[in-house]
C-alpha cells in the first residue's frame, strides 16, 4: 500500500471541558477595558507627583493655594438649577445641561492670584478617564489655556472665587465626579472625592449648538418639563384617553435611567449622541434579548405581575427595575411608550407619546394586510393571519440627523414595543418622520416598518376552489387613519397625521407611494371594480354589560334589484387586532330594491360576549357578502369599544405646600357578579408618591371608599390619577385636578 492510499488514524476526541467557562474580556482586542458603566469610577489621588514620588512624603506646600470648601450651588432656588431648568429634579446633587454655563464657588485659604496660582476643575466620568475620549476634562479659568469645556472666573472676592464652566455641546451625558486641582512645584494637589461634588450633565434642548435643540418654547415646555401626560387609546371613531405620570423628576428616576444605559453595556463615549442613546434605549425598554426594563404580555393572565392597565405612572416601574435588576412585569404598547417617554425627558431629549389608529403590523414589508375570503364571501380564519392594531403607541423624539441628508432632522420615531427585530434586536428607530412622509424609506433606522404602519393597504382576496387568490377589494385609507398626540400646554388632543403622510388620493401621496415601491415595497397595484352595493355600520357607544342592537345598512346604488348572501361575524379581539374568540355569527340573505337602503338589525346580548371579555374590551364586527346578480364581494369592518365604569376621585383640603390634604377614591361595582382580586392605584406628580390598595372582593352592586392623606411639595396645578384593575374588569380610571398654593 502506498503512502497516498493510507488513511490517517483518527485522533480521539478531546475530553469535554469542566468547570465554569473562561471570562470573556477585551484582552488582545484593545489595550484596556471599554468603559461602559457610569456607576464605576476611578479614585484619583489627593496629591499627584510630577515624575517619581517624593521619598519623604508630601512636601511642605504652605506657599501654594489650599482649598477650604467647594460650593456646587446646587439648591433648587439657586441660579444653576433655575437657569438650566433642572429645579424640579428631586436630587441633592447639581444637575445641569450641556452647552450652557454653570457656576461653582470655591473658597481658598487665601485670596486667589491669577498671576501665580494655577487652578483647574477636573470632571471625570466612567472607570477609565482619558482626555482624548472626553471622559476626563480639565477646565481652566484663563483664556490662555482652555480645553473642550470653556472656563472663566465670574467673581473673585477675598478668598472666594466663582468659576463659570460651559460643557461642550456634544459632551457625554451622565454623572460626573468633580475635583478642584491646584498646581504646585512638586505636583497637583486636589480635593478628595465626595458625593456632594458629583453632578449630572443632561442634553440641552435650550442650547442652539446641542443636537436636541428645539426652538419652540411651548413645545419644549411640554416635551421636556411636563410630568403629567395623556395617552390616547380606544378606536378611531371612539377615542379614549388616560392620564400618565411620567415622573421624570422624581427621586431616583435619573439614576434609574443611567442604570438602564449601564445595563445595556453602552460605551460611555457613545452617550453624548442622541441617535445612539435613543436606539440603544428602544431595545432596553423591553426585556426581549437583553433583560431590559419591561416584560410584554398580551395574554390576559397577569398572575405574576401588574396588569398593564393597572399602572398609573413610570416611577414604580423604573425604581423597581433599578433596585431589583430584573425586568418588571407587565407591559403593552402604551406602557412601553410611557416609560420610554420618561427616560427621554429625564435625560433632556424632547419627546412625546404618539398614537396611530389602525396601525398595521407588517412583518414582511409588502405594505399589505391580507384578508382571505372563501368563494362565498365568508372570512377564511385559517388563512387570514395579518392583523391591524386598533391603535399603537410609540414615541417621537426631537434631534438633528447629521447622518441623513439635510431636511430629515426634527421629530424621529422610536418604538420600544417588541414587534420585529432590527439589526438583530427588538427595537425600532430613530426613524425620521420627514423621511416617512416623503417615502425615503431607505434611510436608517427602520423607516420601512414605520411607513407600513401608517400606509398599508387592506386587501380582500377571494380564494377560488383551486387555491388561487383574486383581489376583490382594496381599502387604501383604513390603515393609519389618524395619528394623535397631546396638545402642548393643553389637555386636548392634537392630530398630526399630516406630518406622516400627504392627504389620501393627492398627487403628493401617489408620488410618495411610487417612491416607496422603488425601494422594494410590493403594494397591491390592482383596482378591483367597486361593487354597486355599499355596507355601512354606524358608530355605537356601548357600556360593558349592556345589551345592544347592531345595525347593518345595505345601500343599493344600482337601478336593479340586488340580493346579498351576507356573513356577520362578531369577535372578541385584543387591541392588537388578534382574535380571541367568535361570540356571534349570522348569515342572512338580504334583498334590496333599486336605489334603496335596507337595515339588517342584529341583537347582541351581553351574556354572549361578557364571558369572552379581554382587557380594553373591543368587539370587532366584520360584515362580508356576495352579490348574487354580479358576483361582487362587499365588506366592512367596525370596532366597538366597550366603555368601562369610572372611578370617582376627590381631593379635599386647602391645597398649600407642606399642608396635609386628603384624596378619596370611590367606586361602585355595576355588575350583578362580584369583582375579585381588585387593585387600586393612585399618584400625582409633586403631590403624592404612588400608593396602592388591595381588595379581595367587591360584591355586585356594592361600593367602596379608599382615603389617603398626602402632603404637597410643589406649587402649581397638577392632576391626581387613580386606576382600578382586576381580572374581570380592566382599564378603569379616574382623575382630579389639584391646585397647590404657596
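Placement of Cβ uses the backbone N, Cα and C atoms for every residue, glycine included.
Just so it is clear, the model here is predicted, and its values are computed rather than measured.
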Per TrEMBL, which of 1-55, 56-110 is region 'Disordered'?
1-55
Least Cβ-crowded entry, counting other Cβ within 10 Å, from the recorded positions listed as 415, 504:
504
Just name the winner among 457, 509 (the binding-site residues) by count of other CB atoms within 10 A of its CB.
457
Residues satisfying Cβ distance under 8 Å from residue 333 (active site), sequence separation of at least 6:
389, 392, 393, 394, 417
Cβ within 8 Å of the Ca(2+) site centroid (455, 457, 504, 509 excluded): which residues?
476, 477, 479, 480, 501, 513
Residue 415 (active site) as reference: those binding-site residues from 455, 457, 504, 509 with C-alpha within 10 Å of it:
none
